[in-house]
Amino acid sequence: MAVAIAAARVWRPNRGLSQAALLLLWRPGARGLARSHPHRQQQQFSSLDDKPQFPGASAEFIDKLEFIQPNVISGIPIYRVMDRQGQIINPSEDPHLPKEKVLKLYKSMTLLNTMDRILYESQRQGRISFYMTNYGEEGTHVGSAAALDNTDLVFGQYREAGVLMYRDYPLELFMAQCYGNISDLGKGRQMPVHYGCKERHFVTISSPLATQIPQAVGAAYAAKRANANRVVICYFGEGAASEGDAHAGFNFAATLECPIIFFCRNNGYAISTPTSEQYRGDGIAARGPGYGIMSIRVDGNDVFAVYNATKEARRRAVAENQPFLIEAMTYRIGHHSTSDDSSAYRSVDEVNYWDKQDHPISRLRHYLLSQGWWDEEQEKAWRKQSRKKVMKAFEQAERKPKPNPNLLFSDVYQEMPAQLRKQQESLARHLQTYGEHYPLEHFDK
């Protein structure tokens, strides 16, 4: 409109134009055209005064053909608080957490590590059908969980068991879910590691990759409209960030100004695909500004860096109603799952480096030792105690029966429709006739 007005001010009416044509050219505010006179001196016009008015972007005109080159600047820096020996680098960034809270961080990570080892071996022995470990990524879980309010809603992917662990989710329920027994909150309907807990505001995990991202945005939008003073945090891996749902979620969150934290665990591999084959840009954090999202990249093996970033993101997300993106750089030490053999696509030396030289548990242990809050005797006692606790829950879960097969048909409708009741009756007749072919003794009566 401004360009049209400027042009109108220097335009001389052609005597051949009718009065009607002149009226069609005039618009409110274009006074120069309405008052123009053939003998009035033209105003000087400079292209420097021509400012972009396009509604889609805020920018300046340039007169040189130049494409934007990828990675022309150095990569987004990685924020950290502790070095690999657990020493605080910049005292002003020390969160100064009390001893009790730091010990809870450490015990949550080590308890998760112990549970992982036992359940991984139980799958290898055929006791459960599937499992996914969290080796190497424990710091991203508990560091972020500690910075949230307990009522903040969590949407996980499938490798965030530490968030529930920090929220005091009982070991018995972890085991019940993996075994699919009668104590499982999901009534045995989900495959292992698909946890969920309404009381702890942890939305049940679903297998399809990245579906939780737009769902989390919807929940955050609802929280905003309800003035709930809560944030939604959505976890995902860098592989899931390549899914279309990630784009939809990022864009909706930015345009609807939702109080959400997108937490990306960049662990180096999307199953067997390394990051070098996943994207050419500067990781995931670099995508945030393009959507209008505040973004940061942190050392995911530094639990304090994760804590600080999440705490500040939460504060601002609630206060300002805007999304934040945290990319936590870490490494998946374990196999993708019990269905994967990572030795086929990475070296043992590579894995050993991260396990021995830059493990989040080791880093926090160094910090505790330097503070005088932990010693080797306490370490041995806790490791023994944690294993005993996990084994007790493990043995209890193994002894409990599976849910009654009739529960397959419940919790779908408030009142069971005729078609579903017909299927239930059909299953009952089938089991009555051929029950000896099924391990019904393992199911609740």
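Heads up, residue numbers simply count up from 1 along the chain you see.
Glycine too: its Cβ is placed from the backbone N, Cα and C atoms.
For the thiamine diphosphate site, Swiss-Prot lists Tyr158, Arg159, Ser207, Gly239, Ala240, Arg265; matching the candidates His336, His359, His366 against that entry yields His336.
Among Glu238, Glu312, Glu320, only Glu238 appears in Swiss-Prot as part of the Mg(2+) site alongside Asn267, Tyr269. Other than the site residues Glu238, Asn267, Tyr269, same-chain residues with C-beta atoms no more than 8 angstroms from the centre of those residues' C-beta atoms, the Mg(2+) site, are Gly237, Gly239, Arg265, Asn266, Gly268, Ala270, Thr275, Tyr331, Arg332. Comparing the recorded positions Ser206, Thr211, Gln212, Asn267, Ser347 on other C-beta atoms within 10 angstroms of each C-beta gives the minimum for Ser347. Close to Ala240 (thiamine diphosphate binding site), meaning Cα to Cα within 10 A, are none of the recorded positions out of Ser206, Tyr269, Lys356. Taking Gly239 (thiamine diphosphate binding site) as the reference point, the recorded positions whose C-alpha atoms are within 10 Å of its C-alpha, out of Gln212, Tyr269, Thr338, Ser347, are Tyr269.
Closest to Pro208 (K(+) binding site) in space, going by CA atoms and restricting to the recorded positions Asn267, His336, Thr338, Lys380, is His336. When the recorded positions Ser207, Ser337, Thr338 are compared by the number of other C-beta atoms lying within 10 angstroms of their own C-beta, Ser207 comes out lowest.
Under the three-state DSSP scheme, Pro208 (K(+) binding site) falls in the coil class.
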